[in-house]
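I have placed the structure first, in the form of structure tokens, so that the comments after it can refer back to it.
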Number of protein chains: 2
Amino acid sequence: MAPKSDEQFKDIRNKRYEEISNAALKVFARKGFAASKISDITSTADLSHGLFYHYFDSKKDIYVSIIMNVLDLFIETVETAESQKGTPWEQIVWLTKKTYSASLEQELDRHILIIQAFQSESLPDKQKKAMIQKYTTAMEGISRIITRGQRDGLFIEGDPMELAIYYQSLNHGLTLWNAKGFYPIDVSVEKVMRQLQA
Amino acid sequence: MAPKSDEQFKDIRNKRYEEISNAALKVFARKGFAASKISDITSTADLSHGLFYHYFDSKKDIYVSIIMNVLDLFIETVETAESQKGTPWEQIVWLTKKTYSASLEQELDRHILIIQAFQSESLPDKQKKAMIQKYTTAMEGISRIITRGQRDGLFIEGDPMELAIYYQSLNHGLTLWNAKGFYPIDVSVEKVMRQLQA
DNA sequence: GTCTATACGTAGATAGAC
DNA sequence: GTCTATCTACGTATAGAC
């Protein structure tokens, strides 16, 4: 039997990397950064404590890595919304539906991570700046859609970025509410859209 | 000189108790439960590490104590809104203004604590239940005001509790947004009220 | 009531065998 | 690549002096 090739090792590494990342996303979303233990992550991913450090330098390291990844996905999603066929109104509807299509719990975890991202204490300034940068990029995308919708008279008047913030705040608030778990509601896209309606 | 009376000792105790509680509120709101160290609290209150334990049994103990206190204040505020002169609409306006009249940063910290309250991991079931109980009481107050407003045609139709949740979620989301600090906005009561407007 | 010094447990991170 | 065992730092909580 031939020894494993470099390719195979690389595949294993990538696979493990993903497993650990997914486990960490779950744990961080539920407990927050400080309360999450490496052992929580490794036991969720079903591997040894020590192995973690063959894939990530530190707890902060993986946390930042995941946040960045989640924010990139957020940017992507907004861009996809923006390139959607239809009116700006329909684009925001699409984005809203996507936000609550958390059939995959992973989607929900990602939203919670985004919300938590900035209250995360004591990260290097450089990384904090990068996070803000990404977040801002996504919000500017939403803001652009709103601007177009205002031209067509679909959305209420007002600073588009500010409206985007109201919209996003409502989403974050509802996400957190449902995450509490003791009185979950079925979020209605129409009720969320009222926020922006002309 | 006469020795200190029981009264005087009691005063000192109460004063210290308040100082520690206020410091803890500040620290917990900014760092969350897990990341907050007893030494953060004591250094904020400008007293020794050890003294803390003459006033509270544990970190969890003070945390629960503060949360309960904050939730009681929330209930009180809603009740005050409810007993306010004017239409139900004006009562919610009053409540909203109060929410954002965070000239005192303490008010802001309290809101953040309320938001954090439930993601706080591993509290005894009994206390968690008590928290939910208090939270629900407050939300029911808001819901009652909305119900009355619906009768007068001031608010949109729909399950009043659900509307209260949308309203409160928007508040929470906006509070968190401004707590992030990198793009704070002046929250407009009118924009928040749009949420409920008939 | 307040402080300093210390015990103890826990969790992040490393070492070395397989 | 993966594991177990270990080191180390730090934070909660206690003890005891003033």
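Quick reminder: no glycine exception, Cβ is built from N, Cα and C everywhere.
Predicted, not measured: the structure shown is a model, and the values here were computed from it.
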_Of the residue ranges A:37-56, A:97-116, A:137-156, A:157-176, which one carries the DNA-binding region annotation in TrEMBL?_
A:37-56
*For the DNA-binding region (A:37-56), jot down how many residues DSSP puts in helix, in strand and in coil.*
13 helix, 0 strand, 7 coil
